[in-house]
């Protein structure tokens, strides 16, 4: 679709300058009616505020379910600690990998706006079914044994309904999560100086606002779920998601919608580069005819990385010229391939991330959680400390750390995106070491007061011992999670930005699966050698501290590999201000 430009207005009288400035259009963007988007009337923070509000509602819904899921599984569903942890990890892993599918659908077929609406409807359906499953008597009657409860279910309908609705929520999140953030970042023009800097701040304030909203509600939700009603505790997230969808629709008239002039699917373009390079793998340069896109292009003008892909620039003798790929397509494929080592070495952070809503939470269950006489804090509410740390540290990072770092490094973002991610991974190692030491102390207290064989007894050790590991992990997220978001959004080709954010989410998803895999392997080894499990249902006999030491060691190795890959990474410079 052709856009309006101001080039024809240069010769106009000076009194027309202000109106023309007010009607400056954004290249490659249209409004909700398909007209060229006017910069002063669309996008920027006016649109981003609606989208950030939507994300707050969605995160309340998602964390309202996920943050206390292990307590529901070990409580009303009477699963073992190890089985519940694995189920939580598998669900969270699935929920974090499904955005790859959602991003593919959005980038190739529906677009981000339509995908967000469709995914939100699926999300609300799943949350409604989850609330219904909690209403069924067999899932809310603690007096009955698990086997008896299952027998009382007609063909285990209640349990099936619970897990089906849980994974329906994961499907909805898979379409919603990558598209909302990409759509929000799309509201800033990367080729406009002020908007480019605002986009970098957008990622910080996106995470800050999301966590601030969750902080105000999650502690309340966890209390409702554990002390009042699981039905109400699951119903409130459903209402929050419904409100989020309404807010998103209200902002429609302000949004910028980006269109691409290249009709060829980005997945097809990138796939054809690899296919052509493989097909031409045995040919020599002298046997080829160079495809000339605009002028005679020779191989050494392409980037030196992944030279084998340069063979896709050539059409072999006797073949059609269209079978060769353009230089821009080859560079696009190389940009995606460069992300793989960074993605792989970031997985150690995903494994650590999985512990917060599983063993970190379970760790606090046996500790003294009395805040004041008559009020016992839910174990899952400890996760609010992570959110609190993000809310406190995000403004500090954006308003204090970045300006100081910018003055030193002369970089617009203070430090590069990869330096930001690496700093978070380093802090996650410290977090695991602290968690291991605190758990060791907890086990010593259980032994000292002869409570090892009393799994339900509250230890005379305050839950506030867990503050350092929860709070420090929140600081880790400000560095690594926000860094991963900005990195994968910025470094993928423009048409694949939803997929870029899905890749960041997949770090958490694969990390959850790897955590579940490690638990299974350790359980299997303990069974073979007849040793007590590290994840015994009686946490006073378990050794979660051993698991934390193991994760710290794996994180050190992962960080070394990450630094090695980061040093050789070539940034894909697309905008005005690059990290």
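Every residue gets a Cβ built from N, Cα and C, even glycine.
No curator has checked TrEMBL annotations; they are predicted automatically.
Note that this is a predicted model, so its numbers are computed, not measured.
Here TrEMBL gives transmembrane segment for one range in the set 336-356, 441-461: that range is 336-356. As annotated in TrEMBL, transmembrane segment covers the listed stretch 157-175 rather than the other ranges in 62-80, 81-99, 138-156, 157-175. Long-range contacts of the transmembrane segment (463-489) within the same chain: residues 181-182, 185, 200, 203-204, 206-207, 339, 342, 346, 349, 352, 356, 360, 363-364, 367-369, 377, 382-383, 385-390, 393-394, 397, 417-418, 420-421, 423-425, 427-428, 430-431, 434-435, 438, 441-442, 497, 500-501, 503-504, 507, 579, each at least 6 residues beyond the stretch ends and with a Cβ under 8 Å from a Cβ of the stretch. If you look at the transmembrane segment (501-526) against the transmembrane segment (116-137), you find fewer than three C-beta pairs under 8 angstroms, all six or more positions apart, and that falls short of contact. Listed as Cβ neighbours of the transmembrane segment (157-175) (distance under 8 Å, sequence separation of 6 or more from its ends, same chain) are residues 58, 61-62, 65, 77, 91, 94-95, 97-102, 105-106, 115-116, 118-130, 132-134, 136, 138-139, 150.
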